[in-house]
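K.L.:
So that we are looking at the same thing, I have put the structure below in structure tokens.
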Amino acid sequence: KNMSDFSLNVTDCTQVVVPEEVFFTVAAAGILENLLILIAVIRNKNLHLPMYFFICSLAISDMLGSLYKTLENIFIILCKMGYLTRRGDFEKKLDDAMDSMFILSLLGSIFSLLAIAADRYITIFYALRYHNIMTLRRALIILAIIWIFCAGSSIAIALFSYEAATVIPFTILFPLMMFFILCLYVHMFLLARSHAKKIASLPTSTVHQRTNMKGAITLTIFLGVFLCCWAPFVLHILLARFCPHNPYCACYMSIFHVNGTLIMCNAIIDPMIFAFRSPELRTTFKKMFCCAR
């Protein structure tokens, strides 16, 4: 209680609260949109390709992020109504499970974006050998490794989240992976023109290269949206761990609900990018809705 009073005294910033109706509407929209992506890929055999499987992995990560924030909000409401206590054993286990889901969503998104970036890189610079390098079996193995690693890491981090030795590597991983993907992008775009000239003599090479570059641009949009939506929340975790009572940190943490809503907005925006940038997905959606009617 004394710590709470101190925190209130060191900052004049008012807590920004997102209405619960808005919160649940955004979360439901994100879950439904990503579910549509998964159904579209499953139903259309033409989409049974490594690239779309990696996109499905990203969609699952987005769904977990929206589900985490929804469950967390329900948990807070139940605590306010007196149905749950904040310090009970069951509530602590529930909180650890939700934290694990959050970390799983974040790690899954990062490594899914990395897999998509690697897939686009191979498509552009090893176009003639792409189907030999990135087979469907290898893509599934990569996804299995990613999710096993993310699941194990999320459980370990959630259980030892109060240790600085756990928080620091977790927070360092976020900018490190983003920097690696950014370097991959820069290398990709710098060599794209010279590579295009080398294969210009091949039939349909111009169309193929344009398609590959379109995929790289789509991935760049994904990365930009991901950074804008997740970086504020990751910064909140850092500030809450290392300077919770600093007036500037406390002022930033007053927009906690806004940062949480941004995570769920990412789950809404990604499927829109999928549908807008992929003609195959748009066609699949049209067929799905027409059959439903």
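Placement of Cβ uses the backbone N, Cα and C atoms for every residue, glycine included.
What TrEMBL lists as domain 'G-protein coupled receptors family 1 profile' is 33-274. Annotated transmembrane segment per TrEMBL: 22-42, 49-68, 102-128, 140-162, 168-192, 213-235, 255-276, in sequence order.
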K.L.:
With a Cβ cut-off under 8 Å, give me the same-chain residues at least six positions beyond the ends of the transmembrane segment (140-162) that come close to it.
P.N.:
53-54, 57, 96-97, 99-101, 103-104, 107-108, 111-112, 115, 170
K.L.:
Give me the stretch from 22-42, 102-128, 255-276 with the greatest number of Cβ pairs under 8 Å to the transmembrane segment (49-68).
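P.N.:
It is 102-128 that shares the most Cβ pairs under 8 Å with the transmembrane segment (49-68).
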